[in-house]
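Enquirer: To start, I am sharing the structure in question, which I have written as structure tokens.
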Protein chains: 2
Amino acid sequence: MLHVIGLGLGDATDITVKGLEIIRMSDRVYLESYTSILSIDLKDLERFYGCSILEADRELVENNADEILPKDEKENVAFLVVGDPFGATTHSDLILRARAKNIKVKVIHNCSILTAIGCSGLQLYRFGETVSIPYWSIDWQPNSFYDKIISNRRRDLHTLCLLDIKIKEPTIESISKKKREYMPTRFMSVSEAVTQLLKIMEEKMEENKEEMVLLNKSSLAIGLARIGWDNQRIVACSLEKMASTDLGPPLHSLIIPATNLHPLESEFMSLYMYE
Amino acid sequence: MLHVIGLGLGDATDITVKGLEIIRMSDRVYLESYTSILSIDLKDLERFYGCSILEADRELVENNADEILPKDEKENVAFLVVGDPFGATTHSDLILRARAKNIKVKVIHNCSILTAIGCSGLQLYRFGETVSIPYWSIDWQPNSFYDKIISNRRRDLHTLCLLDIKIKEPTIESISKKKREYMPTRFMSVSEAVTQLLKIMEEKMEENKEEMVLLNKSSLAIGLARIGWDNQRIVACSLEKMASTDLGPPLHSLIIPATNLHPLESEFMSLYMYE
């Protein structure tokens, strides 16, 4: 059987009791290591689980997934994912491959950044579509996330912005070559994300005055760092101020709240307000 | 300290290792018992945790929350919530009350139905605003959830519909009386929810032909029952067919997917398709 197990967001003890029991009886254990990170490293996980763990990078999961799948009916494989197993598209694909081979699949859920952001005090049912903010390069500066934020604000909804992560990503030049070369590991900070957003807003400002009323540099933003870790940090301030605010080590996420907050939400915000 | 601990969706072993350690060292343990249910009862939880658990109904949490909070700095209180602690507004309120009294609060996250629905194969970042479908009475038949579903479909987004739960809710007649009387416990089924939705669609049909193209009785719906339980069930079929489909015991949830599915999403759907 293939067991796809969420690890939660913090350290080794954020796994569920059910998930831990399955890991301990599995024949092979993989850790998906390219869409997120925990506060501890592989060695600490191995010590806590009492077994050795194989690292599964993007190349293995997306191009050689069959290597991961159980060889026969008796073999149990645990595939560990930071957060909840369904946070990233790539794991749906692994599950479909298993099902196509008639391999049984069991999913052990855990918390995801998509709901853990509830600790900001913003009501989860008031979030609209989630957006991703990618690192810009000189010739690729997509801005569709801006339109989605505006669309959510028009309907008085919050927007969660997931920030880019680059772990072991091949350089564009090396993709067609035999020998892969990798970009340096990078995690987008809240300040980098807001700086890109402000740049788009500046360009749009001239075309569309109405949107400027909806979202401008004085609008409230919430920066979240290391959610679920012991040293998590939440800061609320204007977009302008957020662009120069350092929230420390990764992972970071950003929320652009709705224009109108409920009284309970405002009360929470005052806990995080950064003057 | 007040520890607000998510229990996940299934049974006793869905708690995190971290959460279990805290329960076992707490002086008092409460289970919030009115916004969701687990697959097991209080006695089984007590046996697994090795401690006794106090039930916290709506009246205690919303009107007598101070009873729950730690009496002094040394006391540890664990407040257990099915799913993730931030699924319901009522728990934000408890946390704010604690903070106002300078009581430290620690949150232990867990999975929530809001992300566990990823097991349907629909991509979580393609969900728009979540809606709640309430039980109708003779003189109260709100239909705002319909407008939100339409608004999500216009932007090609999925909609998760959370279905009404009535646990120990006072009858309207008894609210002003000293002696409270309670409504019978009810959990809305997917078939009941879809029946209400079809009724609204029929009324709207005459006013608005364009909306009928966006959503009609042939549109795809996904019924989810007991997500995270050993006997979870997922069924995909037309709204018309779903109205007469019995998914068994509670809890149920409903998804109205976007009109266009991604290839990976369609492949998943075929696993659940009910002819």
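For all residues, glycine too, the Cβ spot is worked out from N, Cα and C.
Values in this document were obtained by computation on a predicted structure and should not be read as measured data.
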Enquirer: According to TrEMBL, which of these ranges is coiled coil: B:23-50, B:135-162, B:191-218?
Expert: B:191-218
Enquirer: Pick the one from B:Leu2, B:Leu9 that TrEMBL also lists for the S-adenosyl-L-methionine site with B:Asp84, B:Gly87, B:Ser112, B:Ile113, B:Leu163, B:His252.
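Expert: When TrEMBL describes the S-adenosyl-L-methionine site, the candidate it includes is B:Leu9.
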Enquirer: Of B:Leu9, B:Asp84, B:Ile113, B:Leu163, listed here as binding-site residues, which sit with their C-beta under 8 angstroms from a C-beta of chain A?
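Expert: From B:Leu9, B:Asp84, B:Ile113, B:Leu163, the ones near chain A are B:Leu9, B:Asp84.
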Enquirer: State the mean pLDDT for the domain 'Tetrapyrrole methylase' (B:1-242).
Expert: 93
Enquirer: Looking only at B:Leu9, B:Asp84, B:Gly87, B:Ser112, B:Ile113, B:Leu163, B:His252, which the record lists for S-adenosyl-L-methionine, tell me the maximum pairwise CA distance in angstrom.
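Expert: With B:Leu9, B:Asp84, B:Gly87, B:Ser112, B:Ile113, B:Leu163, B:His252 as the binding residues for S-adenosyl-L-methionine, the largest Cα distance is 17 Å.
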Enquirer: With an 8 Å cut-off on Cβ-Cβ distance and a minimum sequence separation of at least 6, pull the same-chain contacts of B:Asp84 (S-adenosyl-L-methionine binding site), or say none.
Expert: B:Gly6, B:His109, B:Asn110, B:Cys111, B:Ser112, B:Leu114
Enquirer: What does DSSP call B:His252 (S-adenosyl-L-methionine binding site) in the simple three-state scheme?
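Expert: The residue in question, B:His252 (S-adenosyl-L-methionine binding site), is strand (DSSP, three-state).
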